[in-house]
Amino acid sequence: MGKVEDFEEHNKNSNQDIEKNVGNRRRSNSNTINDQNENINKNKAIVTKKSFIMNLLRNKEKTKVEQNDDNIVENMNERKNSLKDMSLISDNVEKDNKVKKKNSYLKNLNILGKTKSIEFSFPSNILNNARKNIQEIDEESPLTSNSLRTYKEGISEDNRQNQRNADNNSLNWSTSNINTECNSEFSNIEVKVLKTEKSNSVKLKDNIIDIPNDKNKKELQEINIKNTNKDSYKNLYLKVRNSISFNDNIKIDDENKNDKNNIIDNYNNYDDINSSNEITIDGLNHDDNIKKIDNINNFDNKHDDNLQDHHQNHVHHTFRSSRKSLGNIKSNNTNIKLNNDKNFDTNINKRSILEKYFYDIWKRNITIKKEIYSLSSKNPPNPLKSTFADACQNESSEKELLKKIPLKFNDDSIESLYVLNLNNWISSRMIIIGIVMLILSFIIWPLTTWSLKTSTWGRETYIIILFHTLMAINTLILIFFIIIGSTELCKYSECMSYVLFSLMVALWGLWNIAIGLTLEYNPNLSEMPTTTYELEMIYVLTYIYGFLPLVIIDIFFPSRTKYNWIIHLIFIFLNSSSIILVGSAKPDFVPEIYVVFRILAYTTLCIFLYIGSYTSELQIRYVFYNLLVAGYKLDKIESDMKNKTSNKKISTGIEDLINMLKECTKVILELENETDTNFNVHTKTSYCSNILEQCLSTLTKSDNLYNIDYNVLENPENKKFIEAYVSKSKSNFAGEEVPKGVDFKLNKSFSNNDCISTDKVDLDKKQIKKFLKQINISQLTKMIQFIDNKLLSDWDFNCLTYFDESEYPFFDINLSLICTIDHNIPINIIINFLCFVEKQYNNVPYHNTIHATMVTQKFFCLAKKLGIYDDLEYKIKLVMFISGICHDIGHPGYNNLFFVNSLHPLSIIYNDISVLENYHASITFKILQLNQCNILKNFSEKDFRMMRSYIIELILSTDMKHHFEIISKFRIRRENEDFDYIKNSDDLLILTKMIIKSADISHGSVSWSEHYCWCQRVLSEFYTQGDEELKNKMPLSPLCDRTKHNEVCKSQITFLKFVVMPLFEELSHIDNNKFIKSFCLKRLNSNCIMWDTLMKEEKTIEVYDPAAVKLKDKKKKKVDKKKKSYIDLTLFFIKNVSD
């Protein structure tokens, strides 16, 4: 141990000296490259994979550090002397060299904390070859500072750590294509093993080892290391594990450089290390010009058996690589893998097919079909469903459910369903029975044939022919079993099973009779064994093909006893006849008592099997019925839950309060009649207490009890779109970061718009009256075409089409509508009113005269269809007409949110509350203030006040912000017992609000072509507003972003389902004619499906182009010049309101 410690001390001293020498070598730059290579050859050879790879990766390090020859020689001599003094080193070691193999090459990258190395001996002649290669390499690329640093780190390691880590360094480290993009390719390398035999001449034999597959290859593979950079260090650490340095302890004998035979002579030194390996790495390219070859020596002491076999041999491992060979390796591996995977997948496919086949058979055995009481969305309800539902609720006794003899459900629908399921169950079992009995037949057939030939029947050919004929027929029957179970014939499985089993039992019963009659009985004892064999054969065939079908039909098949008794009777009759005939013909062979016992046995077995079948069928029927009832109840619960979820309305806080109070009242009423005061009273009072707490929570959580709860919506996107439609008057600045460039003082961008402007013209009442005188009423009256009431009350009346075809469509439709009201208003006042109303509508894509006319027509139509129009007073009808035609008068094509965000004067006047709706009502009564246009001037002041309030309420109700509030109020009133819109004016008002709102958004309930056109128009307005908002650096309003055009379909579906449908659904509750359900809601659902189809097909939704329409209008004939006298009163009204 002392010598070992001295050796370690020498190593440490040597390391210190080397550190000093390295510093000197860095300062020494005077020696040439040739001197450096010469000194290295004399003293030591150092090659590290670390230094090589670092040079390869770091192209910037082009400065070459020269070596100080004198210091290297001096240090290596000291090292050699210290080793010579050690007694642990044998004399043979003096002839060898020390080889250090290190695991780290990336210390400079801060990846490894320590550099571990192992040390072992090799013959000098091996190192000679390595040094020769190193010389050639160094002539091209001299040693760098990295290599010297690696040498210093390698010799500074503890020898004990080196020895412990020796086993961890293997030949098979990966040097495959160092490309960080693919780590897996680094394991694909090949080793060429060159074995040398101990003989006078050395024989080399190439063995190619493919490491990934452990298969021999016939081609050499090469691996190129290139295209690496500094970012690849981390992956390089995973791919290259070894760096190698050579340490020479003695001078190299130049005479042994090319002497390969010295390898064999030096094998005596391998007793301690067992083998020597020479590894050549080829193909390391640098800048595609330098090719370096490192010959290194390594060993692996893990494989003891392999090392003992080659104890006397020198194994030469060559790693050859190139860029092209890597592809071959991958190809070969892939081919092997593909072949293996193909075979494996084929087996898996076959196995999966069989598994699926038998799984389907098993599934059919446990499945209960319920088609008889299932409902189809496309077909009308099955009448059997109601019958079965009634039977489910009337299951009070077994007598009412089942008829015991024969077993049968009293309800024909349940019996039909039971038979349907029987066929399903039996069909799967027929396949199994067919397969099993076929296998059994193929076993029995040759055995019975051999028995027949060796028995007394061998001389009678017709018996053998009959047997084979019956076996062939029996085989066909069994094959038919499989066919029935596997094809569409399975719906007749029960009937076919009875027929086939009856045929099988009858055939072998007749065979039993024939074979019994032809049996020759000879009392000679020598022939008794043969006769016994013959009887055994008869018994086997009788039980397998005669009695076994009975067992199957009674136990394995869920058959019905009212039919399978026939098979039992056939078996008893034929087999009893057989034994009776044999007993009569050969009484000596079959005594009478034996005949009696056999008949009793057959009869008893059949009776007990039948009783068992009856009991089993009874149990199956009860289980089937219970499962059927349970399934029906589960389906009903599931259906109720779906209906509850789908019908769950968007409720307001006030509705929740009312419902909770109703529930609380119901519980309190139940408590009044409660008898169990100990338990139920406490439970129900606690329940009421919880309800009241929820009421308090609802009352205090919001200042507006008509706010809706969006939590009922499952999809968050629906909430987003609903808020976009019903919250258009809320500023986008609330709670949000203020966009840059927005002026909060007064944004005049919209004020300067052509639609609404305060400084365009300055008109007064005198000028307006002057223009009114210019209206040629008589000429207009002649041009107007009146429309029939039936056409106006048709829901499919298309205003878009009519406006394209008629010259004065606005006057045609609206004058026809006002004429349906019994009034005494002069025609000239009506025409003047209509002229001013038409002129106040702007030429925008959606909110124009066409929309106003459509709403008025749909308002009239809905009132007629609901049956309330004829019950209304004429002044209420007139209110409906004025509200409908003026509900969007003066609409600029921008919504309330735009006015609020732009701080428009109208928004300031109306305090951001229903800006446009207030504006529409204001313009309406500005027109009615004109004596020549006031169609209400003949009413009393009281009626006028009432009508004015109604008109204002109806126009303001078209603000979508109040959409769900109005629906909630109507629902609350409708559910009240005293709801009466004829006697109660408040009920009438809320009802008319519902109708005008339905008319306002009625385009969702019309035909798809018309609905699609209206959607194109409203999109055009939305996007125009969005463009204006972007232009003025305002926040984009919902639905106005052109970049989100792909959301149109989804937004329309949400609008129809969650905004329009609740409105029509509430109206359907007062619709005795069922028009809403059969027409409006049906169209709504159909249009939703169309939008959903467009969304799935990703169809592009075209947007209405006003420019193209204007160009089209120019080509039309010019309108009457008198029509140009219509006055735009918008500016006048705004000016007066502002004053």
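In case you wondered, yes, glycine gets a Cβ from its N, Cα and C as well.
For 1-42 (among others), the entry in Swiss-Prot reads region 'Disordered'.
The feature region 'Disordered' is assigned by Swiss-Prot to 154-177 (among others).
Under the heading transmembrane segment, Swiss-Prot lists 430-450 (among others), citing sequence analysis as support.
Feature annotation from Swiss-Prot assigns topological domain 'Extracellular' to 451-462 (among others).
Counting only same-chain residues 6+ beyond the ends of the transmembrane segment (463-483), those with a CB under 8 A from a CB of the stretch are 430-431, 433-435, 437-438, 441, 445, 448-449, 452-453, 457, 489, 496-497, 500, 503-504, 507-508, 511, 514-515, 518, 545. The transmembrane segment annotation in Swiss-Prot covers 463-483 (among others) and is backed by sequence analysis.
Annotation source Swiss-Prot lists transmembrane segment at 499-519 (among others).
Among the features that Swiss-Prot reports, topological domain 'Extracellular' is placed at 520-536 (among others).
The annotation transmembrane segment is assigned in Swiss-Prot to 537-557 (among others).
Here Swiss-Prot flags 565-585 (among others) as transmembrane segment, drawing on sequence analysis.
The topological domain 'Extracellular' annotation in Swiss-Prot covers 586-592 (among others), and the record cites a curator's inference as its basis.
Residues 547, 550-551, 553-555, 559, 561, 564-565, 568, 571-572, 575-576, 579-580, 583 of the same chain sit 6 or more residues outside the transmembrane segment (593-613) yet have a Cβ under 8 Å from a Cβ within it. According to Swiss-Prot, the transmembrane segment annotation covers 593-613 (among others), on the basis of sequence analysis.
Positions annotated as active site, proton donor by Swiss-Prot, on the basis of sequence analysis: His847. DSSP classifies His847 (active site, proton donor) as coil under the three-state reduction.
In the three-state DSSP scheme, Asp888 (divalent metal cation 2 binding site) is classed as coil. Cβ neighbours of Asp888 (divalent metal cation 2 binding site) (same chain, under 8 Å, six or more residues apart in sequence): Tyr841, His847, His851, Ala852, Val855, Leu916, His920, Thr958. The divalent metal cation 2 binding site feature in Swiss-Prot is assigned to Asp888.
Counted as Cβ pairs under 8 Å, contacts with the transmembrane segment (499-519) are highest for 565-585 among 430-450, 537-557, 565-585. Shown for the topological domain 'Extracellular' (586-592): DSSP residue counts in helix, strand and coil, namely 1 helix, 0 strand, 6 coil.
Using a Cβ-Cβ cut-off under 8 Å and counting only residues 6 or more beyond its ends in the same chain, the transmembrane segment (430-450) has close neighbours at 361, 464, 467-468, 471, 474-475, 478-482, 484-486, 490, 493, 496-497, 537, 540-541, 544, 548, 552, 556. The Cβ of His847 (active site, proton donor) has 24 neighbouring Cβ atoms from other residues within 10 Å, across all protein chains displayed. The average pLDDT computed for the topological domain 'Extracellular' (520-536) is 52.
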